[in-house]
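Let me begin by presenting the structure, written as structure tokens, before commenting on it.
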Amino acid sequence: MVKAKIAVNGYGTIGKRVADAVQAQDDMEIIGVSKTKPNYEAAVAHQKGYDLFAPASNSGAFEKAGIPLAGTIEEMVEKADLVVDCTPGGIGEANKPMYEKAGVKAIWQGGEDHELAGFSFNAASNYEGALGRDLVRVVSCNTTGLCRVIYPIDRELGVKKVRVTLARRATDPNDIKKGPINAIVPDPIKLPSHHGPDIKSVLPHINITTAALKIPTTLMHLHTVNMEVNTDCTAEDINRIFSSQSRIRFMSQGINSTAEIIELARDMGRPRNDMWENCIWPESITVHEREFYFFQAIHQESIVVPETVDAIRAMMELESDGAKSIQKTNKAIGL
């Protein structure tokens with residue numbers, strides 16, 4: 001089998017996870033990753049055997065740090081069939097001309113606007129729409145988590161409306177520059193938040209409104225979800241629908257917080273204590289007439305990683321069936 005050649009531009013929080021997940025597949029391989037500075041992540045990438053690429057202007061800094069380079073970022077892009085752009089939000093747009101010049105396919109993350117790629121992706125919701133595409137945006141962690149629960153409910157019961165309050169982690173565990181440390185911040189204060197329109201980039205017919213706030217934690221996001229459906233249902237019906245989704249995990253056995261979820265991931269031996277699944281508390285599923293409520297936690301560092309692998313597979317036309325790709329990705333990474 002000829003493997004798809006994948007480059008990761010930006011070996012940071014998402015990029016390093018995507019690289020490892022791609023490398024675990026049998027139909028794609030990493031041909032290079034990029035860093036702009038010779039920090040510890042660059043050193044670890046080299047230690048793990050990844051070919052490392054950097055801007056030509058920074059090659060001297062890498063040489064001084066004793067971290068060998070395989071070439072420039074432009075040279076990495078030229079070698080790839082597809083580039084996963086994991087650079088910080090807003091920077092990816094500036095890279096688009098480089099990808100177009102090289103004639104390679106590109107995936108951006110949810111920090112970029114939908115218009116950049118013209119197609120926003122969630123594996124369960126619209127896999128087939130990404131088949132053969134040159135440009136795709138994998139939606140953000142929060143949007144991914146919401147698509148995963150809205151789509152199967154809509155398919156079986158029909159969704160009339162969705163209302164979500166998102167308690168967002170302030171920043172990632174390794175980020176010492178952001179906050180808050182001792183505050184709760186409505187973000188944005190002017191409602192609704194951007195998450196509803198982002199859901200519509202994948203599921204345009206869904207009536208959804210969202211409100212978000214930042215809280216002083218780094219572990220996970222927490223969603224309070226309210227859905228109104230078109231069909232009579234029970235909590236058991238909702239439980240059954242969620243149970244059919246391989247990327248939804250029910251929290252039980254005394255797990256009552258995001259801290260315990262992360263500890264569970266550690267105890268399971270997950271790499272970087274990643275929890276790729278939506279984490280739903282089944283006891284929170286409460287039905288009143290045709291409305292129901294529940295809590296779910298979202299691990300922002302990892303939830304988009306399997307989605308990105310599926311996006312690669314669709315764009316490279318390695319698998320035409322979304323369900324089969326999801327199964328293949330899950331098995332390879334240990335989900």
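Each residue, glycine too, has its Cβ placed from N, Cα and C.
Here is what Swiss-Prot says about this protein:
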type     : residues                           : note
BINDING  : T13, I14, G111, R169, Q300         : NAD(+) binding site
BINDING  : S140, C141, N142, T171, H195, G196 : D-glyceraldehyde 3-phosphate binding site
ACT_SITE : C141                               : active site, nucleophile
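Put plainly, the binding-site residues T13, S140, T171 were compared by Cβ crowding within 10 Å, and the winner is S140.
Candidate binding-site residues: T13, I14, G111, R169, Q300. Nearest to C141 (D-glyceraldehyde 3-phosphate binding site) by Cα distance: Q300.
If you take the Cα of I14 (NAD(+) binding site) and the Cα of T171 (D-glyceraldehyde 3-phosphate binding site), they are about 13 angstrom apart, rounded to a whole number.
The NAD(+) site is defined by T13, I14, G111, R169, Q300, and by the 8 Å test on Cβ atoms against their centroid, the other residues of the chain that qualify are S140, C141, D172, E301, V304.
Note on proximity: among T13, G111, R169, Q300, the binding-site residues of the record, the Cα nearest G196 (D-glyceraldehyde 3-phosphate binding site) is that of G111. Fewest Cβ neighbours within 10 Å among the binding-site residues G111, G196: this applies to G111.
You'll find the Cα of H195 (D-glyceraldehyde 3-phosphate binding site) roughly 12 Å from the Cα of G111 (NAD(+) binding site). Between the alpha carbons (Cα) of T171 (D-glyceraldehyde 3-phosphate binding site) and Q300 (NAD(+) binding site) lies a span of roughly 9 Å.
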